[in-house]
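Asker: Among the features that TrEMBL reports, Na(+) binding site is placed at Gly71, Thr74. Residues annotated as transmembrane segment in TrEMBL: 31-48, 60-80, 92-114.
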Amino acid sequence: MIYFLVGIGGIVGALLRFVSSQAFPTLLFPTATLFINLTGSFILAWLTTYVSKVHLLPPALVTALGTGLIGAFTTFSTFSVETVKLISSHHYFMAAMYLLCSLWGGLLCSWLGFRFGHYCYSKYTVGAKG
């Protein structure tokens, strides 16, 4: 059953990635992929921090959302190809900025998602006690 749920999550995540990529105009800088990966980093950190602790969802569904949906939504391969394309077209500064924004932005968004998950969890535990 978990394989089916992860597969369904993957389908939804891939569709969300496609729709999100269409929402951004095609420019030289790969804004859509950056947005998708940063958003996914935040959501995955929040999901694994808050939702897992509170047990709002069954573990199989959390796996389906994290591995399936967010795993398919975010995209390392597109990031890699876009970086190589920037370098190949001699846009070295833009490639460096994309690398830095993706790496440090992803870490920052993960940290923010982690912190937000802990914040939500603290509010949940206070509400559950009171």
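Just so you know, glycine gets a Cβ as well, placed from its N, Cα and C.
For the listed features, I'd like the structural context: burial, neighbours, distances.
Answerer: DSSP classifies Thr74 (Na(+) binding site) as coil under the three-state reduction. Around the Cβ of Thr74 (Na(+) binding site), a 10 Å sphere holds 21 further Cβ atoms from the protein chains shown.
Residues 28-30, 34, 37-39, 41-47, 49, 79, 82-83, 86 of the same chain lie 6 or more positions beyond the ends of the transmembrane segment (92-114) yet place their CB under 8 Å from a CB of it.
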